[in-house]
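Single-structure report; data block below.
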Amino acid sequence: MQFAEFATRASEMEAEPADLATVALVRDLFCDAGDDLPVVVRFVHGRVFPAWDSTTLDVGPRLLRGAIARAAGQNVTAADVEDRLAEEGEIGAVAAGYDFGGQRGLAAFAGGDDDGLTVAEVDETLRELAAAAGSGSEDRKLNTLFGLFNRTTPEEARYLARLVLGEMRIGVGEGTVRDAIAEAFLAVEETGETTDSEADDEPNDETRDETDGETRDESEERAAADDDEDPLTRATDEQLRAVERALQVSNDHGMVAAVARDDGESGLADVRLEVGRPVQAMLAQAGTAADALDEWGEAAVERKFDGARVQVHVEPDDEGETAGVSLYSRNMDDVTAALPDVVEFVESRVDAPVILDGEVVAVDDDGAPRPFQEILRRFRRKHDVDRMRDAVRVELHAFDCLHADGEDLLDAPVTERHARLSDVLDDAGAVSDLLVSDDGDEIAAFEEAALEAGHEGIMLKNPASAYSPGNRGKNWLKRKPDVETVDLVVTGAEWGEGRRANHLGTFLLSVRDGGDYVEIGKVATGITDEELADLSTLLEPEIVSENGQTVELNPSVVFEVGYEEIQASPTYSSGYALRFPRFVAVREDKEVADADSLARIERLAESESR
Ligand SMILES: Nc1ncnc2c1ncn2[C@@H]1O[C@H](COP(=O)(O)OP(=O)(O)OP(=O)(O)O)[C@@H](O)[C@H]1O
């Protein structure tokens, strides 16, 4: 497929306000993609690599602006591009505003044979760019991007720029991709035999409700559109679930689309977990022991470790022995290199191919947990790993087993998965204690002991429940006595004054509101001088534009922020403000998509006002 064709389709999606019609456009694109299907599926929601793959292009806004400036011609500087960005507010619009065609004309004049970019060529070039490392790699990346932009029309440039930054902004989220795959390759044209035969078969509440707001809206719109002209053939809930399950298990949208097309529902059912391919972490809601017992009769109770989530993959070799250990964060980033002590521990205690879920916690010499911030000094670290290994001791607490010895356990109940965990991890101290109880007093005593031992609280799990990757469902409840903090996206900052003039000092905080960010306040307290310097290093490459002391930042960093109260306030665009905000930590284990939403802020504000 020509990249120009992809860009035209993307612009149609961007212009389409209705969710169902967008699904139909995405479906049609998938149907027309041919051999390029996996790439097109990834591109349409802003990915070059599958979701499970931690490889990134590692191109920041500054480098991208430089490449656009170069492709735009000799008279255009990166500062000009920056000025236009301040006016337009979005890099795709800026890229589309330049005429890169002049260079193409020259290339043709010089004997160049340019039939236009193909989707496959863009994919291949961006993959090469991602692989550039070491000295001179910035320049090589700049050259590669320049080469691509140089061949784009304005429409192609718009979507290329956005693809490079990983945000297509065309209203196509996970739910849309899932529905479009089912519509394209599983749904059957209505021929008197109705595809609504599953109408009574309610979709798994957790899966459908917790995916994202968009999914819920889509199903409502789907229902409302029943009698109206419907642009979709209408996949059944069962077909949607088959796609959803394969996506959860593989985190590879391109592969799932190809399997749906080539092998249908039975092919999707055969998609299995793979050691070395991370899955999304199951998440929890806040809740109490009373909630748990009311709902399930009994609860599986564990300590809530205050550390960083880690998924442990132990790969088999040809003889069935273990060949290697890899570790992933809750966002499926590869953090193996940062935690050699955990790798060594797992190597010595596990001798079967497994996927385990757990938490790494910083501990003192007596094994007592240290504050959460300490583990963040180790997690994701690329430099000084050995020095930090000595400075911050960590321990693994494993609490789940998703796969053991070739067997996927996602659908097995909590208690069975925990029993398998105890079988495969030869260290009782590293296996999270599990109390299954229907007695509120017994659970309260367990909670008290957990808090006394320095843990954050307890987790309450429905003993009969399966593991649902990526879902913040009702089967896991977290219970902790401390005041909640909120995780907010840093969208702006101000340069400091006096001795702090070289550092960003005050940070503008936002919450997620659909695909956008709305402001909720600023934080400047609770940050040490050392942290200020680190924050400036972290955030300076994300500067989008500057106006006097104030800078606008690409939303990429999440702060955990404490506060005394959340108040309704006209000062910020969210309609809320934090009273006495206090910086707690950078949530390096979270991406902006994991930051708190406006809906959560509304709930917190409401519960405080009661
Ligand atoms: N025994 C346990 N079982 C499951 N998760 C646990 C356990 N102990 C600690 N955790 C951690 O608690 C988290 C669940 O809380 P939640 O899903 O709300 O994540 P979060 O947003 O990081 O919340 P928090 O900031 O409260 O940790 C898990 O992601 C995991 O990192």
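Backbone N, Cα and C atoms are what each Cβ position is placed from, and that goes for glycine too.
TrEMBL annotations:
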| type | residues | note |
| --- | --- | --- |
| ACT_SITE | K304 | active site, N6-AMP-lysine intermediate |
| BINDING | E302, R309, R330, E359, F399, R472, K478 | ATP binding site |
| COMPBIAS | 190-212 | compositional bias 'Acidic residues' |
| COMPBIAS | 213-234 | compositional bias 'Basic and acidic residues' |
| DOMAIN | 387-513 | domain 'ATP-dependent DNA ligase family profile' |
| REGION | 188-234 | region 'Disordered' |
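Per-residue confidence over the domain 'ATP-dependent DNA ligase family profile' (387-513) averages out at a pLDDT of 93. The separation of K304 (active site, N6-AMP-lysine intermediate) from F399 (ATP binding site), Cα to Cα, is 10 Å.
Closest to the residue listed as 'active site, N6-AMP-lysine intermediate' by Cα-Cα distance, out of the binding-site residues R330, R472, K478, is K478. Counting only residues at least six positions away in the same chain, the Cβ atoms of A281, S329, R330, D357, G358, E359, D589 sit under 8 Å from the Cβ of R309 (ATP binding site). Secondary structure at R330 (ATP binding site), taken from DSSP and collapsed to helix, strand or coil, is coil.
Applying an 8 A CB threshold to same-chain residues 6+ apart, the list for K478 (ATP binding site) reads A284, Q285, A286, G287, K304, G457, I458, M459, L460.
The full span of the recorded ATP binding residues, E302, R309, R330, E359, F399, R472, K478, taken as their largest Cα to Cα distance, is 19 Å. In the three-state DSSP scheme, K478 (ATP binding site) falls into the strand class. According to DSSP, the domain 'ATP-dependent DNA ligase family profile' (387-513) comprises 35 helix, 51 strand, 41 coil.
Under 8 Å, Cβ to Cβ, and six or more positions away along its own chain, E302 (ATP binding site) finds F399, S432, D433, L434, L435, I458, M459, K461.
A simple way to gauge crowding: the CB of R330 (ATP binding site) has 21 other CB atoms within 10 angstroms, across all the protein chains here. Note on F399 (ATP binding site): other Cβ atoms within 10 Å of its Cβ, all shown chains, come to 24. Counting other Cβ atoms within 10 Å of each Cβ, the recorded positions K304, R472 show the lowest value at R472.
Counting Cβ atoms from all protein chains shown, E359 (ATP binding site) has 21 others lying within 10 Å of its own Cβ.
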